[in-house]
Structure formats: C-alpha cells, structure tokens
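Trainee: Below are the structure tokens for one structure; questions will follow.
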Ligand code: SAH
Ligand code: SF4
C-alpha cells in the first residue's frame, strides 16, 4: 500500500477497508458551504459568530442562492447586507472545483478535467441524448480496487472526494449548460450516474450527503429515480445504500464464474457472486418497476460465450432478481490486456439474455475519441507495470482481510 493510504474503519457493520487520507482543510482556512445540509450551514454560521436567529435566516438565504440560483459569489446575494457579504467571503467558500480542461467529443459527449483545492485531478462526463442528459460523476480520485479492464483501476488511490466536490460536479455542469436558476422542467441535465472515477460505496458518507443535496426538492431537485449508483460489489454497504440514499442500483457483475470474476474484479475474492446476488435480492426498493442494472463488460474470449449468457440468466432467475442487463462493449486504453468482443458475439449474448425475458441492451460507447467512455477515465498518475499493479491489488485485498 502506498505511504499515504491508511487503514480506517468505515462506520456500519463492515470490516476495515483501505481508504485514502482525508481531504486537507483549505489553505485559506475558509469553510466549504456547498455540501452542508441547511442545519450544518446554520451551525457553521453560528460557530463563526452570528446570533442564532440571524444564522437561521442567513442559512435559508444562502441555501437559496447556492442551490436555486447557482451563485458562486457572496457579492451577488442581494438580500444579504452589503457589509456582511465580505464577512461571509472571508470565512466561507462556495466555489466550484477548478476546471483544468473541458473537451467535447464528436458525438457531443463532454469531459471535464477538474482539480480539487489541494491540487488533485479528477474527471466528470456529460452525455447528451435526444430525450435526456446524463452526468457521470466521480466519487474518488483514483480507486482502491483494481478491476483489470478499468483504466481508473490503474491509478493510485489519492483520496475520497468530499460532499462539496461531488455536489460541485453537478453544479459545474449546470453552469456549463446554463441551467440556473434551478427549474423542474426543460433541463438538459436530467440524470446522474455515480459511474465516474472511484467506488462510491467506499466513500459512503460523502456520497450519501452529496446525493441528499442533489435530491433536495428545494435545491438541485433531481429525483432519486433519475440517479443511479454503480458498485463493483461492496456487499456490506449495499443495504445501507438502499435505506439511506434510495437511488437506483447498478452492479458491476462482469462475470458469472468465481474464477473469471476473481480475475477481472478482484473484490470478488472478498465478496463472492452468491453473496453479491443475495444482497441484490435484498436491496431495499428494488422491484419490477425499479430494476437493478447488471453491468457486464464484453471482453473477447473471457466472459462472452453463450454458456456465460445462459449462466447469467440462470443466476438472475435463481435469485428472483428484478433485473436488467447492460452490456458494455469494452473500451480500450493504452496498456489494457483485453479486447472488446466482436459485435456478432455481443449480439448473440444479448439475444440469449433477451430471449429469457430479461432486457439486455448494448450500451453505445460515447466519447471514446476524448477518452470519456466507461473505464477510460484516468488522470495524472505515474505509469506502472502490470506486475506492480498485480502486487498492489494483492496488498489492497490483504488489507481488506
Ligand atoms: N466503481 C464503480 C463505478 C465506476 S465504473 C463500479 O465499478 O461499478 C462504471 C462502469 O464502467 C462499471 O461497470 C465498470 O466496471 C465499467 N468499466 C470499467 N472499465 C471499463 C472499460 N474499459 N470498458 C467498459 N466498461 C468499463
Ligand atoms: Fe474502481 Fe469501478 Fe474501475 Fe473497478 S471498475 S477499478 S471499482 S472504478
């Protein structure tokens, strides 16, 4: 494990997992207001010296300016006294993550390279469609897990993103799309998927707090039905995700045998397929109207045979899962050791699942030309050899117990 990764228990009925070091406080000493609940904003104002009654009123006003109007400057808050605006600006930050670079794909997909206040790069992607627009949000800088087909998995885990950095991605997208003030109708940004860099269930508290704000009807106002959290299978956190966040669940299954899943999703050695599927069957809120999505990356000659497709159907039936399957053509990246299955193979696989009455669309790769597609996200991290990555994966798994 790298020197700046420490063992720290996540709250809840789980064992210790390697988590990155906490985000440092801002160098300028200001407190981030984005990502705090109304009550936390009020408490922060009181702690800074405002009278309780004033703190309560100001918290309400700030919430409105931040989440309904999208302002990033206290000087624009016209119902806050001119003399108090600089007082707030000295003590609090309502800034967005920094934008290092913004790219647009030939298919309209946009990718942003972002920077945290302490200098770490991460990415976010916006995928426009005719009837909707999906923002792919990152939860960590890097990832503790090393799925072998994923470019992010080759990154060192740097740190968890804080609530303001997660909510900040959504707000930045609204800035770019010109979608302030918040309004329920006619938005381009309609859906959110927690499918950017990182494993959201290894940053549970921050992801939950951030998504609560994203879902707040008086704030960013996205319905939980339009938000999907994707996990590689952190079984002990799945029930809490259902209870405390309540968004749609996507599970990165990718293989139906222990041997293959152990290889391509190493977390499987800790939480196996049976345990994972049982946790899916128990996921609060899953039913035929709100199905669990199983993501399945199509890797040539690895996990893509007819037999694998039939086993997938058997498993879904065995656990009586309200499921749909999302087949993802493998997106290549420099140094990847896999190839994408042929279109014919993907179609044959999809047909077997579909004929069993389970929806199995093939996801159209988006933004490949700017490395914005699934599994292509990776920011400045030193190049490492496969052998070193394997060694790291082993160490991380040992740390998982
Ligand atoms: N860490 C979470 C969410 C981020 S990844 C998870 O693993 O679920 C979002 C999806 O992209 C996951 O299903 C992931 O397995 C998949 N993916 C990763 N690398 C990929 C690649 N190179 N090609 C296609 N899909 C990939
Ligand atoms: Fe991490 Fe998800 Fe990539 Fe696996 S697929 S390495 S869990 S980001």
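The backbone N, Cα and C atoms fix where each Cβ goes, glycine too.
In TrEMBL, annotation is done automatically, which means it is predicted and not curated.
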Trainee: TrEMBL lists region 'Disordered' for one of the ranges 1-20, 21-40; which is that range?
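Mentor: My reading of TrEMBL: the region 'Disordered' range is 1-20.
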Trainee: Between the recorded positions 150, 253, 374, which lies closest to residue 123 (active site, proton acceptor), Cα to Cα?
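Mentor: Minimum Cα distance from residue 123 (active site, proton acceptor) across 150, 253, 374 lands on 374.
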Trainee: Ligand 1 is in the model; which of the recorded positions 123, 199, 252, 374 have a C-beta less than 6 angstroms from one of its atoms?
Mentor: 199, 252, 374
Trainee: Counting other Cβ atoms within 10 Å of each Cβ, which of the recorded positions 143, 147, 150, 253, 374 scores lowest?
Mentor: 147
Trainee: Out of 147, 199, 331, which binding-site residues lie by ligand 2, with a C-beta less than 6 Å from some atom of it?
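Mentor: 147, 199, by Cβ distance under 6 Å.
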Trainee: Pick from 230, 252: which of these binding-site residues has the biggest number of other Cβ atoms within 10 Å of its Cβ?
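Mentor: Max Cβ neighbours within 10 Å, all protein chains included: 252.
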